[in-house]
């Protein structure tokens, strides 16, 4: 049931309504916690099956009300769907419009924060006198490159191609040398495919969301993505507000003894952690090359690999890993599948490098913990986040890949790791480490991070 908490006249009330993938839910939860700590009343909307996990990450605070939406087909998150059926989830979201409208009428919040898929929400919110805020879970560099009106400026009515996407849109920040490889551009072509009863593309949904909302909020800051934020503001001609990078609060959990004992056996900053999250599944060739590259370094490592829930992780690992691999690395390497205390492992003094997919939250987490970054992106905004860190900020290194198919070899993994772990006295490695340290200090400064939220709350109050 909706919240019955009494509202003070000067208390800001926001409703959070993310897309149903946990990669989207998590930033909304992080922002909810930050806003609540600054006196903002928060109500969270999601599917029933997601609520236990959401509650567990909302600082265990019962004052943040979580409301269950009903979904007619029972599909409630991307973990339950293969990628080619993700459109079904968006369609299911479209069918919640009447529920959402009734809740907004009852709750009467000042704002509703929403995600890319709910292109219909700005109009719906306006009809009931509520302002809508598009909260982008993606980096500004990504949105500025892909989902801006000028993306179609040179297309002239024809269908967009991956060759178009290899180049930045007209007006893209001139000081940026960002472009996409062929395999990266191909990954974004799904955004221009029509699906669902409304026959809209993902690009059209995002553009409508950004174009019709009251204003836009990004989980970044000018220091990191200034030129891209300015470009987006120019493209959509509306305020772009910032929450800051939403640096996660330190975990109150304790690292499991099996991990702490293993890590304690190695020197400071010598261990490589390699992990790609719960919804990224590597192919056999990718596993073989990645595992072999880690082996070639001669350094201790933890390799976390996950697989679809309908497969046996043990069987998949036995098939995909190089023959005799576990025996060869048994004294310095661990291959793990399943739940993993990533934040606590990154914090351990023995961990010195994080090989990840370039998800923005993962990158921030690594930089706060002073772990060197090796970036191996697989989809979407991960490609841009990796380029931002490696090219713009020069605070990490991206694994070299072939242009056409994204293929990488064990030697590419080795070279990237050598740059930040074994050749830190050479110019490139030295520069990366120095830049990384500066960004780590910036992100770890609680006064700076607190000011981002203080300023955002002040702006929200002034615009309510």
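The chain as shown is numbered from 1 upward.
Every residue, even glycine, has its Cβ placed from backbone N, Cα and C.
These figures come from a predicted structure and were not determined experimentally.
The annotation active site, proton acceptor is assigned in Swiss-Prot to 24 on the grounds of similarity to another entry. Residues or ranges marked as anthocyanidin binding site by Swiss-Prot: 24, 380. Residues annotated as active site, charge relay in Swiss-Prot: 115. The UDP-beta-L-rhamnose binding site annotation in Swiss-Prot covers 278, 357, 362, 365.
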Largest CA-to-CA spread of UDP-beta-L-rhamnose binders 278, 357, 362, 365, angstrom: 16
Cα distance (Å, whole number) from residue 380 (anthocyanidin binding site) to residue 357 (UDP-beta-L-rhamnose binding site): 10
DSSP-derived class (H/G/I helix, E/B strand, else coil) of residue 365 (UDP-beta-L-rhamnose binding site): helix
Greatest C-beta neighbour count within 10 angstroms, which of the recorded positions 115, 365: 115
Distance [Cα-Cα, Å, rounded] between residue 24 (active site, proton acceptor) and residue 115 (active site, charge relay): 8
Which of 278, 362, the listed binding-site residues, has fewest other Cβ atoms within 10 Å: 278
Number of Cβ atoms other than its own within 10 Å, given for residue 380 (anthocyanidin binding site): 20
Residue with minimal Cβ packing [other Cβ atoms within 10 Å] among the recorded positions 24, 357: 24
The residue listed as 'active site, proton acceptor': secondary structure state under DSSP, collapsed to three categories: helix
Cα separation, residue 380 (anthocyanidin binding site) to residue 362 (UDP-beta-L-rhamnose binding site) (Å, whole number): 15
Residues flanking the UDP-beta-L-rhamnose site, with Cβ no more than 8 Å from the Cβ centroid of 278, 357, 362, 365 and excluding those residues themselves: 275, 276, 277, 342, 356, 359, 361
Rounded Cα separation (Å) that holds between residue 365 (UDP-beta-L-rhamnose binding site) and residue 380 (anthocyanidin binding site): 19
Spatial separation of residue 115 (active site, charge relay) from residue 278 (UDP-beta-L-rhamnose binding site) - C-alpha basis, Å: 21
Distance from residue 115 (active site, charge relay) back to residue 380 (anthocyanidin binding site), taken between C-alpha atoms, in Å: 16
